[in-house]
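Single-structure report; data block below.
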Amino acid sequence: MAFNDLLKQVGGVGRFQLIQVTMVVAPLLLMASHNTLQNFTAAIPAHHCRPPANANLSKDGGLEAWLPLDKQGRPESCLRFPFPHNGTEANGTGVTEPCLDGWVYDNSTFPSTIVTEWNLVCSHRAFRQLAQSLFMVGVLLGAMMFGYLADRLGRRKVLILNYLQTAVSGTCAAYAPNYTVYCIFRLLSGMSLASIAINCMTLNMEWMPIHTRAYVGTLIGYVYSLGQFLLAGIAYAVPHWRHLQLAVSVPFFVAFIYSWFFIESARWYSSSGRLDLTLRALQRVARINGKQEEGAKLSIEVLQTSLQKELTLNKGQASAMELLRCPTLRRLFLCLSMLWFATSFAYYGLVMDLQGFGVSMYLIQVIFGAVDLPAKFVCFLVINSMGRRPAQLASLLLAGICILVNGIIPRGHTIIRTSLAVLGKGCLASSFNCIFLYTGELYPTMIRQTGLGMGSTMARVGSIVSPLISMTAEFYPSIPLFIFGAVPVAASAVTALLPETLGQPLPDTVQDLKSRSRGKQKQQQLEQQKQMIPLQVSTQEKNGL
């Protein structure tokens, strides 16, 4: 409780918290756009083979003479006749060939995408999904690397670097001359965006008192959801993929400029043993919050007394290996990894297939964003009233059930299937909201950012595996849905192994975690003893004593 008392002394939730939270959270609007950007920049418009250069369509009988029809009576996308198909014996054999002269695309909805510019269709169709997978690989690498660096160098320095990297790599991707260069810059964007997400949560949470952490976590979730609305609007207004890529990347230059005014986490300073910087940060916050007199009362000696436990126990450098060495941290790491993986695995299985719903992609994008608002509000109520653990369990379990039921319903029931998918997506968005907050509250300060980074890493593993599972639909259409639904249902059971953090102070050390666990065991023993006392009295009364 020592550091929380210091926060209250310098103003609790004051002007500084409101300003910094707003500035840190604002870029998340466009982070949501980057994560699902390829739904629009890599959209696949209707297309068919281009007839040979020497073809005379007016003489041959029109375009239909060169294009075979599929089972639905539509022109084939990847095949054409080698000669005009006019019903003669020579040309009526059904012999086809690939699109040797390229493709003709329907540009009415999407004037230009990476698919149409680099012909990522037919035999090259897998390259479209590869670009998104490489972006997620970047997110995975960024979560691992920058999560560790943030625990070593601080949250503020890493955020400044991440804003610049996102702005530069995103802008360069918009001017990529070929597919390979585009993928490289998208990977770099993914690395920095992963770090922005986890550093945003941590920096805000470490400057907030206990009773406000759930509010901040919910706010971050809502900003991300609003970013999905924003993407639909920007993509509709800017349909050209290069212009859209620029529109969601250039604003990060603004974030890079104002991020120099962020104040580093005093909690991180103290956990690193740098009391001079801790004092300076707290006094600066006190001035902004109008608590100069309270800030003046602070000194190195006061901090040494207040933070004696943290300074004694936080001597070692945090590393990812600590998550496996310590039994207490190892159990947390394994359980949280399963929750992160399951949430991301099912989430991206749904949101990266907007064209599969058979309706306007812009409309589905808006609906997917809209469902987050009530879903996250309900999650917020559960988090604050019942706790983090029930909220995490319910969101994963309900999401899995919705997806599993969706796999059973026949394909013709479009409205029901879409409704279940939207409901499942809302539950998974709530799960993301909860797991960010829950993870940050479970790990001690000395390794919190590393823990969040490793959790985000497991989430990216899920998002990378998800497209591979989607490919199993070629064998049976419902196989992906059964898998996407079963994983979160199974993972929901893991929440029973995690402690509740509602109303608990943030742990600063591993010792805090162990003390909390021992305190819970003692409380359970006392409750059992209280239940046994009336029974003993009742037995004595029956014996006439």
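Any Cβ shown, glycine's included, is placed from N, Cα and C.
Pulled from Swiss-Prot, these are the features on record:
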COMPBIAS  522-531  compositional bias 'Low complexity'
COMPBIAS  536-545  compositional bias 'Polar residues'
CARBOHYD  Asn39  N-linked glycosylation site
CARBOHYD  Asn56  N-linked glycosylation site
CARBOHYD  Asn86  N-linked glycosylation site
CARBOHYD  Asn91  N-linked glycosylation site
CARBOHYD  Asn107  N-linked glycosylation site
CARBOHYD  Asn178  N-linked glycosylation site
TOPO_DOM  1-9  topological domain 'Cytoplasmic'
TOPO_DOM  31-129  topological domain 'Extracellular'
TOPO_DOM  151-157  topological domain 'Cytoplasmic'
TOPO_DOM  202-218  topological domain 'Cytoplasmic'
TOPO_DOM  264-331  topological domain 'Cytoplasmic'
TOPO_DOM  353-362  topological domain 'Extracellular'
TOPO_DOM  384-389  topological domain 'Cytoplasmic'
TOPO_DOM  411-419  topological domain 'Extracellular'
TOPO_DOM  441-450  topological domain 'Cytoplasmic'
TOPO_DOM  472-478  topological domain 'Extracellular'
TOPO_DOM  500-545  topological domain 'Cytoplasmic'
TRANSMEM  10-30  transmembrane segment
TRANSMEM  130-150  transmembrane segment
TRANSMEM  158-177  transmembrane segment
TRANSMEM  181-201  transmembrane segment
TRANSMEM  219-239  transmembrane segment
TRANSMEM  243-263  transmembrane segment
TRANSMEM  332-352  transmembrane segment
TRANSMEM  363-383  transmembrane segment
TRANSMEM  390-410  transmembrane segment
TRANSMEM  420-440  transmembrane segment
TRANSMEM  451-471  transmembrane segment
TRANSMEM  479-499  transmembrane segment
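Everything Swiss-Prot records as a feature, shown here on the structure.
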residue : record                      : DSSP class
Asn39   : N-linked glycosylation site : helix
Asn107  : N-linked glycosylation site : coil
Asn178  : N-linked glycosylation site : coil
Pairwise CA distance, Asn39 (N-linked glycosylation site) versus Asn107 (N-linked glycosylation site), rounded so that it is a whole Å: 16
Other C-beta atoms that fall within 10 angstroms of the C-beta of Asn107 (N-linked glycosylation site): 14
Local confidence of the prediction over the topological domain 'Cytoplasmic' (202-218), expressed as mean pLDDT: 80
Listed glycosylation sites (Asn39, Asn178), ranked by Cβ neighbours within 10 Å, top entry: Asn39
Contact set, same chain, for the transmembrane segment (420-440): CB under 8 Å, 6 or more residues outside the stretch: 197-198, 201-202, 205, 213-214, 217-218, 220-221, 225, 336, 339-340, 343-344, 346-347, 350-351, 357, 367-368, 371-372, 374-376, 378-380, 383, 388-389, 391-392, 395-396, 398-400, 402-403, 405-406, 409, 448, 451-452, 455, 485, 488, 498, 501, 506
Same-chain residues at least 6 beyond the ends of the topological domain 'Cytoplasmic' (441-450) whose Cβ lies under 8 Å from its Cβ atoms: 147-148, 150-151, 155, 198-199, 202, 205-206, 213, 267-268, 271, 310, 314, 316, 318-320, 322-323, 329, 332, 336, 388, 498-499, 501, 504, 506-510, 512-513
Positions on the same chain near the transmembrane segment (219-239), where near means CB under 8 A and six or more residues out: 21, 25-26, 28-33, 36-37, 40, 109-112, 200-201, 204, 247-248, 362, 365-366, 368-370, 372-373, 376, 379, 429-430, 432-433, 436
Whether the transmembrane segment (130-150) meets the transmembrane segment (363-383): three or more C-beta pairs under 8 angstroms: no
Counts by DSSP class (helix H/G/I, strand E/B, coil) across the topological domain 'Extracellular' (472-478): 3 helix, 0 strand, 4 coil
